[in-house]
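Taken verbatim from Swiss-Prot:
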BINDING   S23, Y24, H44, K118, A151, R267, V291, E293  NADPH binding site
BINDING   K118, G147, T149, K203, D256, S266, R267, N268  sn-glycerol 3-phosphate binding site
ACT_SITE  K203  active site, proton acceptor
Amino acid sequence: MTQANTNNAYGKDIAMTVIGAGSYGTSLAISLARNGANVILWGHEPEHMARLEADRANHEFLPGIDFPESLIIESDLEKAVQASRDLLVVVPSHVFGIVLNSCKPFLREDSRICWATKGLEPETGRLLKEVAFDIIGDSYSLAVLSGPTFAKELAMGMPTAISVASPDSAFVADLQEKIHCSKTFRVYANNDFIGMQLGGAVKNVIAIGAGMSDGIGFGANARTALITRGLAEMSRLGAALGAQPETFMGMAGLGDLVLTCTDNQSRNRRFGLALGQGKDVDTAQEEIGQVVEGYRNTKEVWMLSQRMGVEMPIVDQIYQVLYQGKDARLAAQDLLARDKKAEGK
């Protein structure tokens, strides 16, 4: 376990600093603080953070859920980063590198960085670990937290399970100790750092496809087939990158995929529903009102599949709908019209 350290601006031991005060970052911070730990929640908009402190709640994203007393609201990045050895970065994937670069000058010698961001680097499709290495080098321990979690349910204290992976086994053990709550939040250790990062990105894309299928009106049979074949595409890409096959049958693979494809709490699924009902991309995004990670993830995953030479027909058709203006019904027809294949291919 990490030793207590009260030598910071707050005069108390800070178990973790959460970077990102959106719905998921806030819910993770709430869950950590409910374990009795002192937790900092940092956000980049001072006015928003002032509202959170005044209300002691995030009414915009998590209405009706009060903050624990041990949750500290902060808009000063230097103070937040310096206060805790362990950072949990929870920001959209397209700003992950920007935020990490902002944190870099304030990192401690013993800092360890975990992220719950799901996605790849914009325009390149690189894994976030590669982005992190480019920015901060290889002297810091890195970890990824991923699995089937809706922010509201987590913040409400409803039962949830998730996985954490890192090349540093001691960091994994510490994260399990800090995050795990035997009553509501179970944290599994995983040693597949690559697969854990990939699952969260690909499932967002497949969830858009599941929503499109339902929006068109294809029903449960088609949705289930799409989820199953989407899992096959995820596994093929993972194999090409050196991931472990069993990872995609776990929390960060099948678990997150099923959750995101079948429940309308998922923005990616709702985005796909709107597209399937004939709405254009801009209108569909406006209806959601929050970041739809799967929109950017689709381009990132498509680029990665092209670079690795991995066939991903579902991802390819969703990419054509989002970025080339293809009609969702035509995309579905083209998927069904593909040459006959063995299921394992």
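Positions of Cβ are set from backbone N, Cα and C atoms, glycine also.
Annotated pair H44 (NADPH binding site) and N268 (sn-glycerol 3-phosphate binding site), C-alpha to C-alpha distance, rounded: 24 Å. Take the Cα of V291 (NADPH binding site) and measure to each of the binding-site residues G147, T149, K203, D256, N268: the nearest one is N268. With the fewest other C-beta atoms within 10 Å around its C-beta, R267 stands out among the binding-site residues K203, R267. Cα-Cα distance from K118 (NADPH binding site) to S266 (sn-glycerol 3-phosphate binding site): 13 Å (rounded to the nearest whole number).
Looking at the residues that bind NADPH per the record, S23, Y24, H44, K118, A151, R267, V291, E293, the two CA atoms farthest apart are separated by 23 Å. In three-state terms derived from DSSP, E293 (NADPH binding site) belongs to a helical segment. Y24 (NADPH binding site) has T149 nearby among the binding-site residues G147, T149, K203, D256, N268, counting only those with a Cα within 10 angstroms of its own Cα.
With respect to their backbone Cα atoms, K203 (sn-glycerol 3-phosphate binding site) and S23 (NADPH binding site) stand 19 Å from each other. Between the listed binding-site residues, namely H44, K118, the fewest other CB atoms within 10 angstroms of a CB are found at H44.
Straight-line distance linking the Cα atoms of D256 (sn-glycerol 3-phosphate binding site) and A151 (NADPH binding site), rounded to a whole number, equals 13 Å. Maximum C-alpha to C-alpha distance over the listed sn-glycerol 3-phosphate-binding residues K118, G147, T149, K203, D256, S266, R267, N268 is 16 Å.
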